[in-house]
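One structure below.
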Amino acid sequence: MTTVNAPEFVRHPKLIAWVEEIANLTKPAKIEWCDGSEEEYQRLIDLMIANGTMQKLNQEKHPGSYLANSDPSDVARVEDRTYICSQNKEDAGATNNWEDPAVMREKLNGLFEGSMKGRTMYVVPFSMGPLGSHIAHIGIELTDSPYVAVSMRKMARMGKAVYDVLGTDGEFVPCVHTVGAPLAEGQKDVAWPCNPEKYIVHYPETREIWSFGSGYGGNALLGKKCLALRIASVMGREQGWLAEHMLILGVTNPQGEKHYIAAAFPSACGKTNFAMLIPPAGYEGWKIETVGDDIAWIKPGEDGRLYAINPEAGFFGVAPGTNTKTNPNCMATLHKDVIYTNVAVTDDGQVWWEGLSKEVPANLTNWKGQPHVNGEKAAHPNARFTVAAGQCPSIDADWENPAGVPISAFIFGGRRADTVPLVSEAFDWVDGVYKAATMGSETTAAAVGQQGIVRRDPFAMLPFAGYNMADYFDHWLNLGAKVSEKAEASGNKLPKIFNVNWFRRDAEGNFVWPGFGQNMRVLEWIIDRCEGRANAVETPIGFVPTYEDLNWEGTEFTKEQFDLITNQDKDQWVTEIESHTELFNKLGERLPKALKERQAALLEAVKTGF
């Protein structure tokens, strides 16, 4: 039997007993209690270099940075192997995979039995959110992956201080992770152990996370999507707050007025770029600061305003496409102390990925560790960087404020070649919830004259809501109603809700809107709408700006181009709104009546108003 040997700084009997229980099940060779120290981090990195899991990069160009290459079968989140095992199938809903918790526990017990043999079990204590914040929550991850242990040090507040907050009886979310590759005595390990069979399992009622078979990011760093979205969304519903797949940014105008915005976009729609936006020419004196690029926990304050924290402490970003043009702040963040995964590497130890430079360097080693062949991808399309958020030059001064930052507006957006205009403001909270609930994004780049397939991704939460999506919509509606009363009593108001679409195309299939830094022009209008000083035109689908309502200083974007990305076509909108029925039917009887009514009213308005 493995000795638990909890260090003195762990004073939580229930936690120690749980570690012992999991050790008896998984049978690791030894247990290591992580303290989050620099010494521990370096020791684990050196261990992985010796094992061939990681390689040291050129320390002149990439100080303190390392590269891991995963097994080619273990490169992304596995949505089809991700389960919400609520007691009642209906509570998971039609958009989640469900299995009876008793059946799943039996299955997992079999898989986890002896799964850590020959390996070290790391006890990784972490806080999602600033330590001690009333918005934060603590998790403990037991993992046999040193890659997970070092990555969690960047992605969360990880280490000894967590135990001080936890004390002798504090609450924590138990997270168990194994790569599912036990080692027999004398068996040589592989560089990236994993198992073809994978399970990412959440038990919402008992707030547990069990992950088997994958060493990759979102499947293995259990504080991220598993705790911060799937389990936290369940907690938020019960406790009256929101856990959202949103970036948070701060905008300050030249007069010193500051607003915080939370925005939800599906994957590959530019969340990180938007969170770190640099204002373009014509916006001298404006400042954009980053609170978070992926997840927001939002709680109502006593004053009826909604306050958000970024529960993470790092960025786990997609590398391909990132460069000094698309995201200079992100590139500056990567100047040191980065863990790269599945990028390519040059013969002198520098990283490379598609989009980093026009020229492909000679003598490149691809993400599979083989010489790069022209015409093939050198970096995996989902290659990642893991880096501490504090290194970001645009990080907001209040990004770790335990009280959170007050949100003025929510923005929702997807990738649409037509139909949806550049920006529109919802008529009210219910209308905004309807628009977010039905937002769609094209899964394929639309060819000329051919629409991509629109995948409904409600609130950009389709893979991340830990309970029935219809109940999730209901929670948003109820929260709005509750907070609205409180806000009015304090002279405040609910955040406004906006929809954006940076991805409209012209007849030739080209993007019309330049995007990136130019999105600032839309952001300024949004803020001015929040302050009640910008004009808008009422249309059947919301309030939209005219060409004259936006600031065009420093650019030559024409009225004709603007009309191309803001025009609204009656037939397209009728088709669009009717297509929402498919999602609503899938969600069944639990769908809030208010959303069906909104659909009928919107359809009527579109048919008669254009």
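Every residue, even glycine, has its Cβ placed from backbone N, Cα and C.
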With ARG77, TYR216, GLY217, GLY218, ASN382, ALA383, ARG384 listed by Swiss-Prot as substrate-binding, which of these, SER37, SER127, SER267, is given for the same site?
SER267
Where Swiss-Prot shows LYS225, ASP294 binding Mn(2+), which of HIS245, HIS259 is named for the same site?
HIS245
Would you mind checking how many other C-beta atoms are within 10 angstroms of the C-beta on TYR216 (substrate binding site)?
27
Rounded to the nearest angstrom, how far is the Cα of ASP294 (Mn(2+) binding site) from the Cα of GLN518 (GTP binding site)?
21
Of the binding-site residues listed as GLY217, GLY218, ASP294, ASN382, ALA383, the one whose CA lies nearest the CA of GLY270 (GTP binding site):
ASP294
Can you tell me the three-state DSSP label for THR272 (GTP binding site)?
helix
Which value in Å gives the longest Cα to Cα span across the GTP site residues ALA268, CYS269, GLY270, LYS271, THR272, ASN273, ARG384, ARG415, PHE516, GLY517, GLN518, ASN519 as recorded?
26
Cα-nearest neighbour of ALA268 (GTP binding site) within the listed binding-site residues, GLY217, GLY218, LYS225, HIS245, ASN382:
ASN382
Environment of LYS225, HIS245, ASP294, the listed Mn(2+) site - residues of the same chain whose CB lies within 8 A of the CB centroid:
LYS224, ALA228, LEU229, ILE295, PHE464
Within 10 Å of the Cβ of ASP294 (Mn(2+) binding site), how many other Cβ atoms can be counted across all chains shown?
24
